[in-house]
Structures are given as structure tokens and as C-alpha cells.
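> Would you mind keeping the following structure in view while I ask a few things?
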Amino acid sequence: MKKITIDDLNLKGKRVLVRVDFNVPIENGKVADDTRIRESLPTIRKIIESGGKAILISHLGRPKGFDEKYSLKPIAEHLSKLLGISVKFTPDCIGEEVRKMVSELKEGEVLLLENVRFHPEEEKNDENFAKELASIADVYINDAFGSAHRAHASTEGVARFVKETAIGYLMKKEIEYLSKALTNPEKPYVAILGGAKVSDKIQVIKNLMDKVDAFLIGGGMANTFLKAKGYEVGKSLVENDKIELAKEILSEAEKRNIKFILPVDCVIASEFSNNANFEITSVDKVKPDWMILDIGPKTIETFKDVLKDAKTVVWNGPMGVFEFDNFAKGTFEIAKVLAEITSKGAVTIVGGGDSASAISKAGLSDKVSHVSTGGGASLEFLEGKELPGISAIKDK
Ligand code: ADP
Ligand code: MG
């Protein structure tokens, strides 16, 4: 790891500002899914144990100005329970009250600041706002992988005005796993790509083209490739303006001798609904007024066959409309295979927001090597882009 990490710094007595990703679903004033909060606990506990003063900052949702609906207060309560200590909460993230509470903060205590996006300056990466945030910190730690692809004041700007910067444990884990998918992956290396649109994944395909041994393509994006190969895809989700590009990708893969495996059969439905009539059919027999909503059993077997020997797998994008039970099988079966090969020593990495919820719905999140907490961030990482929230942290 070339970035300075939390382990490299002396935190005793220091005011440690931590950018966490507490952008979690809140229902009826309670945290509905606390995965991201729990993932940040190692970093928070480390600061407490080191005698640092933890000041946590995060966004929640997309508020326009102050809005009670997007308050982080329920998170302070939830976090208090998880940590077993009372987490203090400030009604804003800058200003007099914040400075006062920070100055009264004792070693080993935790303070959560109110939603940073209540200030439009956050997303503008306003320099003065970043300086304000920096003024309450001796150390800045970025542990918000899910926001690392955004150059905002609390993820990027602030780092320029705090002397000591580091990444936290969650950020470190994310970088370590996702890097395995890009540098020196153990072979055979297989990328499973799916999800809605090929246009969302083009850069990922291009970036992985010279790294993987095989691509397994499912989900809505497979339709565009099938159409490019001349198949009827009926009313399926398809991007007609990406057909040419799909052809180029197919021929590029062939030229490089990389397996680019498309579905051979699929589950077609009469309409986009869980209650639709559905049938399994080979890809050359898709009915003109039906749509492909999942990969079929033969495709699942083909994919399994490729995956069983894989040593590294990266998965981005569900194989079908897994939100509908009738079309979740392809996605869940692939999740099962990943769990199996993980238990035999393969490194399996899941990126993408919907892919993460799919594997969670399958109950297999802890059976794969790593499920990224950042949908957009993991995608940009796999595209080979530099993430501003990571770049802002000093190297060792
Ligand atoms: P991720 O968030 O994991 O990167 P995407 O956002 O690219 O994944 O795509 C996820 C969405 O793709 C899901 O909501 C799923 O319903 C949809 N999807 C998958 N297969 C199909 C299909 N055959 N037709 C239409 N939508 C699909
Ligand atoms: Mg998505």
C-alpha cells in the first residue's frame, strides 16, 4: 500500500476528522441497513483505542439545504449502540457550536457531525468550506470508499489543508481487493459482467480486456451483444446506438484470443413484471414481442464450467432482473458458484451497487472474498480511473 494508512500515524490526543460513508437507508427514523456503518467500526475503534478524538463526517442522500429528513441523528443513536459508548452529535458540520464541541471532546470520544451536504459548498468542493472543515482537525482520514469517486470538500478538498492524512481500514480493504482485479491477478482470471446497460460498463470491459482470460456476459447488456451477432432480442432492453461498439468489442476479444462468452439460452417474459408469463428458450428463438429477463440453465452451466477453475473473479452487474423472483435464478446461481470457489481458495470480488444487493439477497455476502461498499466508486476503480478521494491522501 503506497498510501499512508491509519496504522502509520500517532493519533493520541489528536483531533481525527474521519470521512465515513454513512449514506445508509433510513426508514421511520431508524437505520434500515447498517452494513456501511459496521464496515467503518474498525477505523473508529482504532482511533478510540489510540486515544484519539474521533470526529466523523458523512453525507446522507441528496438534500437541498437543511432538511430534517436527511439528518444523521438516527445514525448517531445507532452508532452509539454498535460502539457501546455514547456518540455525541452536532446539529451542523461547521460553525461555532461544532468548534465548541470539538474543543470539549476528550480522548477516546466520538463526535458525529450533521450531514455535510446540507451545505452546497460540499459538492462544489469550495475551498473556504474545505478549510473550515480542516480547521477542526489535526489528522484527516478518508474511510469513505463509496464517495471516493467524488471530488467534494469532505472527500478531497479538506485533505489539502490538514497536515497529516491517511486512509482508514475500510478504504484500505477496498483498494487492496479491487487492486487484485487490476494488478497481477492470479490466473485463470474471469470477469462476470451484467447489469442493465453495456454503455455503463464499456470502460470496465476495455480496462479488463488485457487482463482477464474470460468474460462472462449476462444481464441486459448481453442483449446488445446478441443483437450485434444478429439475434432477435424482441422487446428486450437493448442499446441500438451501441451495436457497432458491441461488434468492435467482440472482434477485439477474438483478436486477443480472450473468451467472450454470451448467453446461449435465456428466460423470456411476455412483459416487464414478476407476474409475466415466462419461458426458457435458446437465444435464437426469442419471440419478437417478448423480452429477455434472465440467463437460462444452459448458460448457467456454461458459466459454472468456466468459473470452477478460476483463481480470480470480478463480478459487476446482475445476470437478470433479480428484483423479480422469477428472474433471479441466474444471478443467484452465479452467486452460489462464487461462494463455492471462494471456499476453495479463489479470490472473488463483487462490485456495483445492485450486484452487492443481489448477493446480499442471496445471503452470500460473507461467502465471497469482498463485496465493495461503493457502487459508483468500484465501477470507476475497475475502469482504471484515479479516484480523487484516494489521490488526495498523501503517499508514504
Ligand atoms: P450494478 O449496480 O451492480 O453495477 P447495474 O446498475 O449495471 O448493476 O444493473 C443492475 C440492474 O440491471 C438491475 O436493476 C437489474 O434489474 C437490471 N437488469 C439485469 N438484467 C436485465 C435484463 N435482462 N433486462 C433489463 N434489466 C436487467
Ligand atoms: Mg446499479
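Placement of Cβ uses the backbone N, Cα and C atoms for every residue, glycine included.
Automatic prediction, not curation, is the source of TrEMBL annotations.
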> Among Arg99, Arg117, Arg160, which residue does TrEMBL name as a further substrate binder in the site formed by Asp21, Phe22, Asn23, Arg36, His59, Leu60, Gly61, Arg62, Arg150?
Arg117
> Taking the Cα atoms as reference points, how far is Arg150 ((2R)-3-phosphoglycerate binding site) from Asp354 (ATP binding site) in Å?
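Distance (Cα to Cα, whole Å): 19 Å.
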> Can you check which residue among the binding-site residues Asn23, Ser355 has the largest number of Cβ atoms within 10 Å of its own?
Ser355
> Among all the protein chains here, how many other CB atoms are within 10 A of the CB of Asp354 (ATP binding site)?
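There are 18 of them.
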> Long-range neighbours only, meaning 6 or more apart in sequence with Cβ under 8 Å: which ones does Asp21 (substrate binding site) have?
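When sequence neighbours closer than 6 are ignored, Asp21 (substrate binding site) has Arg36, Ser40, Ser58, Asp143, Ala144, Phe145, Gly146, Ser147, Leu170, Thr373, Gly374 within Cβ distance under 8 Å.
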> Can you tell me which of these binding-site residues sit near ligand 2, meaning the Cβ is under 6 Å from at least one of its atoms: Asp21, Glu323, Gly353?
Gly353
> With a radius of 8 angstroms around the mean position of the C-beta atoms of Arg36, Arg117, Arg150, what other residues of the same chain does the (2R)-3-phosphoglycerate site pick up?
Asp21, Asn23, Ser58, His59, Leu60, Ala144, Gly146, Ser147, His152, Thr155
